[in-house]
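Feature annotations, reproduced from Swiss-Prot:
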- 1-36: transit peptide (TRANSIT)
- 37-307: domain 'Deacetylase sirtuin-type' (DOMAIN)
- 58-77, 140-143, 249-251, 275-277, Cys293: NAD(+) binding site (BINDING)
- Tyr102, Arg105: substrate binding site (BINDING)
- His158: active site, proton acceptor (ACT_SITE)
- Cys166, Cys169, Cys207, Cys212: Zn(2+) binding site (BINDING)
Amino acid sequence: MQPLQIAPCRLLYGLYRGLKSPASTGTRICPAMARPSSNMADFRKLFAKAKHIVIISGAGVSAESGVPTFRGAGGYWRKWQAQDLATPQAFARNPSLVWEFYHYRREVMLSKEPNPGHLAIAECEARLREQGRRVMVITQNIDELHRRAGTKNLLEIHGSLFKTRCTSCGIVAENYKSPICPALSGKGAPDPEAQDARIPVEKLPRCEEAGCGGLLRPHVVWFGENLDPAILEEVDKELTLCDLCLVVGTSSVVYPAAMFAPQVSARGVPVAEFNMETTPATNRFRFHFQGPCGTTLPEALAPHETGNVS
C-alpha cells in the first residue's frame, strides 16, 4: 500500500501535515481578537442566515456519551496513554498490545449511544438540507457516533474504529465484528494490573481478501502519520466555502485540525466555539459558549419559528 501523503491544499498549511500534539509542534495559535461573545441571540441571527455551515467536532462531544478520551488526569489504558500506543512504531513493536487497546475501545463504543449534541447536529443538517442549505461535519473522532446519529455530510479525518486496513494489500474495509477476532475475546481490560495478552501475530485480525491473509491494523491516523490527502482536499473546500463555523468539544491542540477554525476566522467568517472550557484558540473566535455540548448545541441549532430568516 502507498503511504499516506499530504495534499497541496490552499488552506492546509504545510507545517501541520501529520497528527501532532502541541508539544511536538512548538507552535502557538495566532494572536487573539477581542473577547468572544456568549450572546446566543446574536449567534442565532447569524445561524439563521448562513448557507454553508461547517461543524468541527472533537472528543468533548463524545465524552458526554461516556466515551473515554484518554486525555488529562486519569486518561490511561492500563499504564499507557493513547499517544504511547497510537503510533506505527508501537504497532510494529507489539501489535498484540495495540490491538488489545483498540479492541477495548471498539467494545466500549458498541455500548454507547449518540447524545443530544450529536442528535442536534444531525437534525440540523437534515432540516437545513430541505431549505437548500448545507451543513458539513468535520470530526476528529473515530467512534462513528455522528454517523449513528444520522449525520450524512461527514468527514472523519482521523478514520474510524470500525474500519481496518491491511498492512499487506492495503484494502480498507468496515468491520463491526465483536470481538474482531476470537483471540481478542475477553481481552483488553483497562485495569493497570491486567496482564498483556501477548497474542501471537498470526492470531490477530487478518485480511480476508482472497490470497492475502495479511495483518490488519485499525484504519485510524496515528501520531506521526499524515492525514488522507483526499479528505484534506474536501476539508479545504468546505473551509473555503463556509460562511459560519462551529467548533464543538475540541481542545484545539491537535494539529492540523487545531488550525482549521482559526484559518476560517482569519478570513472574517464567524466562528462559534462550544466547549466545557476555554481553549488556546478561544480568543480567535466571535463566540464562545461554555457548558456541555449536549445542552448548548440543541439550543443553538434549534429551528427558528419563521424558518430561514432573510
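Using N, Cα and C of the backbone, Cβ positions are placed for all residues, glycine too.
Feature map: Swiss-Prot annotations on the structure.
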{"residue": "Gly58", "record": "NAD(+) binding site", "CB count, 10 Å": "25"}
{"residue": "Gly66", "record": "NAD(+) binding site", "CB count, 10 Å": "12"}
{"residue": "Arg105", "record": "substrate binding site", "CB count, 10 Å": "21"}
{"residue": "Gln140", "record": "NAD(+) binding site", "CB count, 10 Å": "22"}
{"residue": "His158", "record": "active site, proton acceptor", "CB count, 10 Å": "21"}
{"residue": "Cys166", "record": "Zn(2+) binding site", "CB count, 10 Å": "22"}
{"residue": "Cys169", "record": "Zn(2+) binding site", "CB count, 10 Å": "13"}
{"residue": "Cys212", "record": "Zn(2+) binding site", "CB count, 10 Å": "14"}
{"residue": "Gly249", "record": "NAD(+) binding site", "CB count, 10 Å": "26"}
{"residue": "Met276", "record": "NAD(+) binding site", "CB count, 10 Å": "15"}
What does DSSP call Cys166 (Zn(2+) binding site) in the simple three-state scheme?
strand
If you count Cβ atoms within 10 Å of each one, which of the binding-site residues Phe70, Tyr102 comes out on top?
Tyr102
Cα-Cα distance linking Tyr102 (substrate binding site) and Cys207 (Zn(2+) binding site), given in Å to the nearest integer:
17
Residues within 8 Å of the Cys166, Cys169, Cys207, Cys212 Cβ centre (excluding the Zn(2+) site residues themselves):
Thr167, Ser168, Gly170, Ile171, Glu208, Glu209, Gly213, Gly214, Leu216
Out of Ser62, Cys207, which has the highest number of nearby Cβ atoms, where nearby means within 10 Å of its Cβ, if these are the binding-site residues?
Ser62
Met276 (NAD(+) binding site) - helix vs strand vs coil (DSSP):
coil
Residue among recorded positions Tyr102, His158, Cys166, Cys169, Cys212 with Cα closest to the Cα of Ser62 (NAD(+) binding site):
His158
Quick one: which of these recorded positions, Tyr102, Arg105, His158, Cys166, Cys169, Cys212, have their CA within 10 A of Gln140 (NAD(+) binding site)?
His158
With H, G and I counted as helix, E and B as strand and the rest as coil, say where DSSP puts Cys212 (Zn(2+) binding site).
coil
Of the recorded positions listed here (Gly58, Tyr102, His158), which is spatially closest to Cys212 (Zn(2+) binding site) when Cα positions are compared?
Tyr102
Round to the nearest Å and give the CA-to-CA distance linking Gly66 (NAD(+) binding site) with Cys169 (Zn(2+) binding site).
35
Between the Cα atoms of His158 (active site, proton acceptor) and Cys169 (Zn(2+) binding site), what distance do you get, rounded to the nearest Å?
21
I need the nearest neighbour of Gly249 (NAD(+) binding site) among the binding-site residues Tyr102, Arg105, Cys166, Cys169, using C-alpha distances.
Arg105
To the nearest whole angstrom, what is the C-alpha distance linking Arg105 (substrate binding site) and Phe70 (NAD(+) binding site)?
11
